[in-house]
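**Q** Sharing a structure here in structure tokens format.
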Amino acid sequence: MEKPKTHRICVVGAGNMGHQIALSAALAGFKVKCTDVNQEALQKAEQFVANYLPERVAKGKLQTSEADAARANILFTGSLEEAAGDADLVIEAALEKLGLKRQLFRQLDKLCPLHTVLATNSSYIVSSKIADVTSRPEKVCNMHFFNPALVMKLVEVVKGPHTSEETTDIVMDVSVRMGKTPVLLKKEIYGFLVNRILAALKNEAIFLHDMGIAGHEEIDQAVTLALGHPMGPFRLMDLTGIDLTYYVGTERYQETGDPAYRPSPTIVEKYIRKEWGRKTGKGFYEYPEK
Ligand code: 3HC
């Protein structure tokens with residue numbers, strides 16, 4: 001018998017990642033509801049969609065009918081109940097804070113139909129840290145997108161010890177239908193593949209910067225020219241959010257006690273000043289409003 005297909009996706013979090021994951025899914029033909037407790041984030045996300053689709057049409061990258069269909073496929077709502085109530089798949093893309101994610105999954109488990117798969121887009125946290133608050137751990141896994149999610153092709157799908165194969169099959173299938181290339185991690189590991197590799201690069205770059213060996217621009221230039229990366233580690237932190245670098249380092253340090261994870265003084269200073277990168281208009285670089 002043919003397995004029921006995923007049609008309706010709920011994205012929890014309309015921030016940096018959430019709004020682009022939601023739009024990628026809407027462009028791929030899924031019915032999407034994107035929700036956030038932050039009204040301003042929701043409005044910004046809706047505005048992004050309203051600007052992005054006609055821009056793609058003007059660029060010749062999208063037909064008007066495709067843009068209209070994507071717009072019709074996506075709904076922004078402040079109600080988690082409305083967003084999650086009929087979802088086949090939830091992609092949680094809220095802040096990188098374990099306590100918040102556990103609280104959300106507890107609520108989602110109550111609000112969603114029994115068949116719903118609950119995936120987290122967490123950048124580092126494995127789903128076994130979350131799945132135990134639900135009554136359906138076999139339907140919980142990681143589905144990790146990359147920033148900017150409309151452009152980057154990779155999705156890391158991570159199978160926890162509690163996750164069923166049927167669940168990872170569903171998430172792999174949705175990733176492909178979204179035009180992404182999923183890679184399956186058969187075992188959990190903190191930070192998965194890409195962010196572990198990236199963390200090594202970022203940490204070394206911050207160390208060299210804080211030692212006064214070179215400035216952030218020189219380090220970025222060196223990495224782009226020598227390694228062929230599209231952007232250096234500082235520009236990348238501005239893209240993914242210095243707040244994220246701060247939260248991840250702080251949580252990991254508190255959890256492990258390993259000082260290697262403690263955010264560097266530069267990151268702490270930028271976090272306190274709200275210089276979080278593109279999203280606040282300033283990070284290591286400045287981003288004048290368009
Ligand atoms: N949102 C949506 N689309 C964007 C975008 C954004 N923020 N920035 C660029 N694009 C699109 C453009 O519209 C353009 O599309 P088109 O070619 O179809 O017209 C295309 O990307 C190229 O854009 P540009 O020519 O303006 O700029 P670049 O060629 O410099 O590309 C980039 C921009 C795609 C961001 C590129 O610099 C890049 O790939 N950077 C590295 C990104 C990266 O490493 N991401 C992973 C970060 S780690 C992560 O996400 C982990 C997570 O846990 C936080």
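Including glycine, each Cβ sits where the backbone N, Cα and C put it.
Quick paste from TrEMBL:
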DOMAIN    9-187  domain '3-hydroxyacyl-CoA dehydrogenase NAD binding'
BINDING   Gly13, Ala14, Gly15, Asn16, Met17, Gly18, Asp36, Glu96, Lys101, Ser123, Asn147, Lys279  NAD(+) binding site
SITE      His144  site 'Important for catalytic activity'
DOMAIN    191-287  domain '3-hydroxyacyl-CoA dehydrogenase C-terminal'
**Q** Using a 10 Å radius around its CB, how many other CB atoms surround Asp36 (NAD(+) binding site)?
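**A** Here the count is 25.
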**Q** Hey, which of the binding-site residues Gly13, Gly15 is the loneliest by Cβ count within 10 Å?
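**A** Comparing Cβ neighbours within 10 Å for the binding-site residues Gly13, Gly15, Gly15 has the fewest.
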**Q** DSSP three-state call for Asp36 (NAD(+) binding site): helix, strand or coil?
**A** coil
**Q** To see if you understand the setup: which same-chain residues, six or more apart in sequence, place their Cβ under 8 Å from that of His144 (site 'Important for catalytic activity')?
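**A** Result: Asn121, Ser122, Ser123, Val155, Glu156, Val157, Val158, Phe192, Val194.
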**Q** Of all the binding-site residues here, Met17, Lys101, Asn147, which one's CB has the most other CB atoms within 10 A?
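**A** That would be Met17, with the highest Cβ count within 10 Å.
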**Q** Summarise the domain '3-hydroxyacyl-CoA dehydrogenase C-terminal' (191-287) as counts of helix, strand and coil residues per DSSP.
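**A** For the domain '3-hydroxyacyl-CoA dehydrogenase C-terminal' (191-287), the helix, strand and coil counts are 66 helix, 3 strand, 28 coil.
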**Q** Select, from Gly13, Asp36, Asn147, each of the binding-site residues with a Cβ positioned under 6 A from at least one atom of ligand 1; if none does, say none.
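**A** If the test is a Cβ under 6 Å from any atom of ligand 1, the answer is Asn147.
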